[in-house]
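Report on the following structure.
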Amino acid sequence: MSTLEENYQYCHQIMKDYSKSFSYAFDMLPEQQRRAIWAIYAVCRIVDDSIDVHQDVEYLHKINRDVKAIEHQTTTTFESDDRIMTAFADAATHFQMNFQALYDLIDTVEADQHFEMFETDRGLLDYCYGVAGTVGVLLIPILATPPSDEAYEYGKQLGEALQLTNILRDVGEDYRNGRIYFSKARLNEFNVSIADEIERDQLSDNYIKIWEFYATLADNNYDMVLNHLDVYNEESRMIIELAAQVYRGILTEVRKADYSLKDRAYVSKWKKHKIYRNLKKKYKD
């Protein structure tokens, strides 16, 4: 049987495998906080992977039952991943977990198996909350103690901005996988067809306008979060700013690539390290 410390280290390794740069940043938090972050990240990861990788809805249901058992403290044996759930259960004894956000994530991941285009931006924004705003909310009790309503709102906004940024980065790739995340109403408003844009040698002005419309929504969220860093614990602020700056950098890279629908734009390791070094200097000073 694994020890509690081994369970936390298992969660830590999952975070390092999937998100090395952010894992490194979170590792600067005090021990109890960073261990809770590892556990939350690992739970969210297996929720995503249950459908995205394994197409196993029953495993997702097992995760859901395990989370309920942890919330109500009804068992110490789990149906899904015992190591992750044991670490998460321990973290939940130290921090005021927002279990509803985790249930919302699980519900969104399950519903996403039967994806349909969103009629309006309300559907798109609800989706962004469900897959990423929820994660922002889950992290707030660790990053802002005690968690305030404002901190929860900005955590939600940051998560939604990160997801919207992912969507703006992956328009072409998502289309080839049978998905269009821009809402029908907004596509009609801008008179844009993603199928037609894929076939063009040069993207239309209208496509660039709709892309920038959504980028502005993400940017507004980033601005809101960065203007209210004081709601977070002092040791958490650099991490929040790092996430916002790195992901905002993705929008810049898409523009530099002329909004290409063929290749995925990304922030280079060198640029990430530069952002990290600059922030470390800023917060050290």
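All residue numbers here begin at 1 and follow the chain in the order shown.
Each Cβ is built from the backbone N, Cα and C atoms, and glycine gets one as well.
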**Candidate from Y232, Y247 that Swiss-Prot assigns to the same (2E,6E)-farnesyl diphosphate 1 site as Y18, S19, K20, S21, Y41, R45, R169** = Y247
**Prompt:** Across the listed (2E,6E)-farnesyl diphosphate 1-binding residues, Y18, S19, K20, S21, Y41, R45, R169, Y247, what is the farthest Cα to Cα distance, given in whole Å?
**Reply:** 22
**Fill in**
D170 (Mg(2+) 2 binding site) and D52 (Mg(2+) 1 binding site), compared by Cα position, are separated in whole Å by 16
**Request:** Would you mind listing, in sequence order, the residues at least six apart from S21 ((2E,6E)-farnesyl diphosphate 1 binding site) in the same chain with a Cβ closer than 8 Å to its Cβ?
**Result:** V246, K272, Y276
**Request:** Tell me, if you would, which residue among S19, Q163 (binding-site residues) has the fewest other CB atoms within 10 Å in the structure shown?
**Result:** S19
